Every structure is written in structure tokens, then in C-alpha cells.
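Look at TrEMBL and you will find A:21-41, A:284-306, A:331-357, A:377-405, A:426-445, A:675-701, A:721-747, A:762-782 tagged as transmembrane segment. Per TrEMBL, domain 'MacB-like periplasmic core' is recorded for A:21-238. According to TrEMBL, the domain 'ABC3 transporter permease C-terminal' annotation covers A:290-405, A:679-792.
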Amino acid sequence: MWKNYFKISLRNLQKRKLYAGINLLGLTLAITSFLAIGLFIHHEWSYDRMYTGSDRIYRINQEFTMGGESQLASTSPSALMPTLLEEFPEVETGTLVFDLSIFSSVMIDAGTGNSEENKFAYVDERFFEVFDFRLLAGQPGRILSEPNQIVLTENTANRYFGSAQNAEGKILKVEGKDYLITGVMENFPSNSHLDFDFLASFKTHRHGREPAWSPSNYYSYVKLKEGADIADFQAKLPAMIEKYLGADMREYGFSFAFFPQPVTAIHLGNQSLNSIKPGTDIQYLYIFAVVALLLVVIGVINYVNLATAEATERHKEVGLRKVMGAERFQLFGQFVAESMVLTAAAVGLSLVGIYLLSEPLTGLVGFKISLDPLLSLPGWMGILLFVILIGLLAGIYPSLILSGMRPIQALGNKVKIGSGAWVRKGLVVIQFFFSIGLLIATLLVKDQLEYMQEVNLGYTKERLISINFHYNLIPKAEAIQQELVRTGSAETIALAANMPVHVKAKYSIFPGGDNDREVMVTGYAGDHHLLKTAGLELISGQDFSETDMMRNQQADTVSGYPILLNETSVKELGWSVEDAVGKKVNFGGGTAWVKGVVKNFYFNSLHHQVGPMVIFLNPDETNVMLIRIPAGDPSAHLASLGEAWKTLVPDRPFNYQFVDQAYAQQYRSEEKVGILFGVFSGLAIFIALMGLFGLVSYVALRRTREIGIRKVLGATQTDVVGVLAADFFKLLFLAALLAIAVSWWFIRSWLQGFAHQTAVEIYPFLTAILLVLLLSVLTIFYRSWKVYTLNPSKTLKND
Amino acid sequence: MIQLTELDKFIESRFQRVFLLKGIHLTINEGEFLTLMGPSGAGKSTLLNILGLLDEDYQGTYSFLGKDIRAMKAKERSNLHKSEFGYIFQAYHLIDELTVYENIETPLLYRNVSSSDRKSIIAELLDRFKMVAKKDLFPAQLSGGQQQLVGIARAVAGKPRVLLADEPTGNLHSAQAKEIMEVFQELHREGTTIIQATHARENADYGTRLIQLIDGRIDSDEQIA
């Protein structure tokens, strides 16, 4: 019986190519998106679950409070881990990770010259006890237990030595010092929040040999014993803090608190915490899950609509089968089988589609989408369940309609599926509601993204490049600067702690010169070329001069050293822009005087308001060299800068980054959302339009005779299109109203996440609605034109 | 076998009842070959549909083998419909998507006949109607006469006691019509009760009884030869 059903389904699909094509394509697109999103969500959800006992592994986050302001950080002091291991019996093991890339890049030499590497960390000898990655070479207990040992990942070993076996036992020069390669590990999987190329023994580092309670630069991970209670563990931490830091905390007026965070919650957790790899805002996962469901619903609705509409064409078959003794449930089974065959085909095509798309999509999603989670037993069961569910969802309503027809009616030509019309109309409204809504949301999101690119940042991010500048080079800085400017490929050059894109260092400022009132500010260290190079605007007072630089180095404590404030600082300190100049403050532990005020600039992402900032001279804190290149073709200037750099700094490669790109980088996740939204709303509209095409075809077919009569009576083509379009326009109008309401609500809540929001304008709404309307008119026009051109003598003959 | 008493069928239009059948009294015995004749709209097809349990919207009583159809449960009626009746249509009404073989197989599928039995029944029918070579063709590839032969094969596949035929030769030319009627005659000889509706007087000559319908009433009822 089932064999028979499937055979008939296949033949039916073959016969009705347009109908089957629309349904198959629609379902395939919808299911491909659904599966791709599903795999993406699965990947994000699976972060850090691959370690043995991953539910017992916690990262210790730290809250540091001073002067009423507290800061949550994901790093902690180097003394924390040894103390926990020694004093807490419930701790099974633990490890410490020092991600060097937050400070600087590293020069690596395997005997073939220096290359700059970023994914470098110091970890202690228990790293592999906590994170049990596979070792391809080396003894688990022995690696990383002595100073100057290093473990490479498989890819890195291949890159430098050709193979894991080749690498083991070799010497690698790191910043000129010899490290012995004691092991090679598997590559960090894409769903681990840890991501390094080099793991060096923490014993090499000063704090590895002498743990201290300051600074707090280290990620600490503990693995609790089985059955240990995390709440009990956390409750014991304050006593430990008191024991080691109590006296200091009282003396200097700060306080510490530690909060264990499950390792599995790092990736999707608090995004403002520093992490080794950028996390994913869980909000976006929810949004994508909803979009995935919407797409499948749109695809399913296509099927339901077309299949019910098509029922009129199949009434003869249904009638005959009933006459021959088919029971209702048997017919029902047949039609459900048909929808399942189609769904299964669509799922099959989707799997192929994802396989083919995984490569091109890697850049967009940030990892290679793998079908592996689906190719396991639970995966197959899931697919089967999905086919049955979607097949039923799509098939149940048309099957009920078809199998419920009375045989005499069905055999005659008197079938009117009038009762189902409102269901179909309702479904069309839902489809267009979803697709117009998605389109509006896409346009609104795009608006905000463009706004963030174009907003006046207060500095000039174009033609500005940044080179990582190692502190070793600081003595040579002046010479390098002069030489590079001389070649004519640099307009101005400055040393700075960071790019102006994100400055994070926190300082305290005491405006009265005493310890009365404290304001937390962001401190931006640089040299006297910084304002000019970054394009910051001075609104009162003066910029730093070369004399300031010299005097600074001689530590002129009497007059204090000069600083620049931004507008927010001035306001928070209670001054005006004009009278701020010349004021004395206590800043960073010394006396300082305000030399000038700069216009506010965005030194943080636009999710935040511009906070108070102090710019001060301190070349010792330099991490980057900012270079403003002249207008014109940047590649020529970069080439000549590179040449000059090679002669000046032969041991460090000329690795630069455009500041505007670094700026755009901050909005990667928003940009991704924007692109994906665009793709998915395009798909949604496409699928919905295909459905509309099918439905209009069906209506046109059913009204062929009516149109024939109208034509005989003198109706023009426009009249005929009008007759067919009128019904659909009412539906589209209703859908548009719903879409406006819901997308308005969505964008209001999404924009809440930005301190700087674009104004919500009317045009995205109009554009979306008009676009969908236009495409619908074209669809309807095309279809009705075909009917219109039929010869009335033919269309009127039937019946 | 079949007993109709005071059978009326009408449709309500806005102002009046239009009777399609009025006061039909009819007894049909097993083994009869009955022909319904009459002009278009006389009620031939309506009566056939009621006899074949395809239409239950009528007044009066219809009893089959002494049992009132109305009094039966839906399941019972459905079983009766499946086991006792075979249908043949003027427009053949084969399923276009199925081959000759599969068309004949369809009623057997709905009767839950086992696969091996189905094969032997269909083989026998194909042989009998000389269609073995055409079993894998689709209806569109056959002539009208051949399609109707498939229609008959399909109707008798389930071994019904009553065969209902609505203008079985209406779309055929005379030579094909003759062939079909000869098949009917043969089925009748084997004991099948046949009720046919037709416009053609010569078709009635193959049967045993002729009923003339006019405006929904029985005008005459005569035995032939």
C-alpha cells in the first residue's frame, strides 16, 4: 500500500512540474536555511562541552571595586590558582592561562627568520589535566613542567616543521630566547573558547615562579571534584580574599570578589568580559532561531496553499478512488505520503546544499559548518522526525480537504473548495507578514550599521594605519618617526597606547588635587604627535609640545605634567571648557595640570556613551605606532613605508592594520546579523512570491471561464489583472500592517543595545512594502497575462 | 436482491422543489441484465448513483439483500460498497497517473487483497481482455475502446455481484461499442447482475429487462427475450 502511495506521489510530482517545482524549491530553500541556522546554533551551544567533566570546570572571574566603581574582569591574579589548589580540597585540579596577545604580538623564529604571531599563551603544567586535548607528540605529564618549554598545535607544527613528529624536540626562538618543543597537540576545535597556536610553560614567566596577588592578568580555571557544590566553593572565597588581601584592601580602599563562571557559559555569557575569542551574544541565537522557524513556516505554507488549491485539479482522482472503495483514512495517507516524499526530497537537497555551501559560508559564520552533528544516529533520527513533522504539517490540511470530498461531487465538475478559501487567505497573510517584516527589519538594521560607519567619531579613521610597536623599539622611536616622515609616505606619526578605536585603561583623577573626590576616567597615553595624527580636535587650551615631552622625562614634579581632558571629563569634574585649562588635578599618582580640552571622540564601541577621558604623555606605555598616510593610492605609500621599515627595524616585520577596518571589526557581530538578515529576508520573499505565483496561477485557472466572458464583453488586460489582483492586494495590505507593527517593536528593542541610535525613519517601511507589492504585481501580471491571451472560444467551450 | 420503495430525490431551489426521481418502485433480482433508457435529464444517472451507494441524499427506502441501507452502520455500508458493486463510466475515468496494471490493481489495494492474489487476479483479467501486452501503458496511450476495457477489468477485479455502467459506450464508435456489450453479455452469463444506463436502443438488446425513465418516473418496464 505504502509502496503504491509513494509511486503515485512520484508520478504526480513528475506530472505537475510547476507545482512540484515551486514546492520543492520553496521547501528546499526554507529547510536549507533552517538546517544551516540549526547547525550554527548547535555549534555555538556546544562550546566547551568536549572536555571530560566540563560541567565541573569554572573560570574564576574577578570584581575589583575602588572608589565606588567596580569592574568585572575575566582575569585574576597569578597567586589565585596555587592558593585554590592548596587550600580547597574540593578542587580536583586547575590551570592558569596567560594570553599574551592582549599585550603584544610575539616574534617566532624556527631558524628561517622572524615571523609575527598572535595566538601565544603561557599555561601551567596542569593545562591538559583540565582541558584534555589530544597530544600528537609528547608525554602528558612532562610537557610544560619546566621553564622554556613549548607546545605547538598541529597546524602550527605543520607550518613550521612540516609535521608533528618533526617538531618534537626542536628548538624555537621566541623573542630571541630558546624554547624546547616538548609536545604537539590537536588543533583547538572551533567550538572551544580557547584558541592558540603556541602554549609555552608558565614557569618561564616571572609570575609562574613567584605567584603574586597583582597584577590580575591571568585566566584561572578550576575543575571541582565530582559531587562538589559550586555554591559552597564560592561561599568560601571571601575568607580566602580576607586572608591574603584584607590588609591591603583596607589600606588602599579597594576590594576584591571572585565569581566562578561555568566554562560552558563563557562563549554565550556576558559579552563585555574579555575573552580569548569573541563570544556570541545569545540574543542573536534567539533571533536566528525565530528566523529559521519563520522560513520553514513560509515554505510549509506554500505547500499547504498550493496543495489545497490543487485539490480542484485532483477531484477526479479522489472521486474515483472513493468509488473504488478507498476509505477516507487511506486517501488521507496517500496525500500525506505525497507531502512526505516532497519534504524528504527537500531535506535531501538541503543536506547537499549545506555541504556545498559550508566552504563559502566559512567566512561569514566564522567556522566551517559541518554536517557531522546530523550524520550521527540521533542526527538521523532528528532528520526523520523533522521529515515526518514537516510532512504532516504541510500535508495534513490539504489531505483533509482532499479526502473529505464527496465522490459524486468529486467526479462531476462541481467542486468548489470555497470553505478552505479563508484558510488559504489567512496563510498568505502570514507569509507576507513574515517576509515584509523581515525585510523591514533588514533595512532598519542596515540603517543602524551605516549610521555607525558614518557617525562623526571625533577622529579621522581613514588613511590611518597602526603598527604594533614593541616596547624594545621605544628608544629608537624618534629616529624611526623622522625617517618615515622623511620618505614622504607618512604625513604624521604618533606613538600611542592603543588605536583611538578602543581605549580601555582606567585611571582615577582627583580634581581638588587632594583625595577628596575621585572620578574614574579612561586614560589614553601617547606622545605629542597624537592629536595631530589621529585627527582629534582641540577646543580650548593647547596641544602637547615637544618641550612637554622633554620636561615629562625629567619628572618636573613642581609644576606637574600636562594632560588633556575630553568634554565629558570637564563636565564630570564640574568645570566649563574654558576655565578647565590650567586647573591642577591629582592624576595617576602625580600632580598634573590641564593644558587643553579635546572634543569628545568615540574611543569605545557605539554601544556605549563617550565616557570621561584623560590624554597624557607617556611613551613608555606605547603599544602601537599610528601613521597618517597621504591621500592617494595607499598601496604605494604602504610599499615605501614597508621598505623604510625593513631597513630601520630589520628584525620585525611590517605588520600594519587600517584603523577604519579595526573600527569596522568592532561591529562584526552586528554586520554578520545584518548580512544574514538580508539573505534570509531575501529568501523569505522569494519563497513567498513563488507561493503567490502558484496561487495566482491556480486562481487564474479557476477563473479562466470568467475571464473569457469578461474578455468577450470587452475587458482590457488591465481590467483582467485588476480582477485577479484585487483579492491579493487586500491580503498584502493586511500583512503589511502587521509587519509594520511587529518590526517597529523589534527595532525599538534592538536599538536599546546601542547608546547611539539612528533615527527610525519611514522609508524602510515604505521601501519594504512597495518592493513586495511591486514584485507581487509583476507575478500577478505575468500570470494573468497568460490567461488573458487565451482564446475565449476555447475557454468558454468547457462546462 | 435490490428493492426500492417510494424513492424520491429532489433538489431544493429557492422557490420550489425540483424532483429528479419521483416515486420509484423497483425490484431487481440477482442475475438480471437491466437497461435504463430515457432522454437526458430523465434521472438515469441519478438512479444509478443511488443504486451504487454513491448518493445517500434521497427519500424512501433502499434495501439490499433484504437489509435497509439506511439502517446500516457506515462501516457496513462501506464494506457492502466495496464487495458488491463495480462501476463503469462513460468517460472511462481511469487514473491518468497509473498504468493499466495499476489501474486494475487499485480496487484490490483498497480491499486489502494480498500481493500474490492481486498478481494472479490481474494476470487473469489482462489475459481475458487481451491486454497483456498493454499492461505497462498509461491510459493516454490507449484507444477509447481499450480504455473502457480497462475500466471494465477494473470494475470486475473485485468480483462484485452488481456491475453498474453509466453510458459505457457513449464515447465509443459502434464496433468498439459492440465489443464492450459482448463482454457485458459474457459477464452476465457468468452470473453478474448488470445495470446499465444508455441512450442506444441496440445496447438494450443484450440485456434481459428494459426500463424507460421519463422526468424521474418509470414510464415502462419490460422483459426482453
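Positions of Cβ are set from backbone N, Cα and C atoms, glycine also.
Panel annotation: around the transmembrane segment (A:377-405), residues 27, 31, 296, 300, 303-304, 307-308, 310-311, 314-315, 318-319, 322, 328-329, 331-332, 335-336, 338-340, 342-344, 347, 415, 417, 420, 423 of the same chain, lying at least six beyond its termini, place a Cβ under 8 Å from a Cβ of the stretch.
The transmembrane segment (A:284-306) shares the most Cβ pairs under 8 Å with A:675-701, out of the stretches A:331-357, A:675-701, A:762-782. When Cβ-Cβ distances below 8 Å are used as the criterion, the transmembrane segment (A:426-445) is approached by residues 291, 294, 297-298, 301-302, 304-305, 670, 673-674, 677-678, 680-681, 684-685, 687-688, 691-692, 695, 728, 731-732, 734-736, 738-740, 742-743, 746-747, 750, 760, 764-765, 767-769, 771-772 of the same chain, each at least six residues removed from its ends. Summed and averaged per residue, pLDDT over the domain 'ABC3 transporter permease C-terminal' (A:290-405) gives 84.
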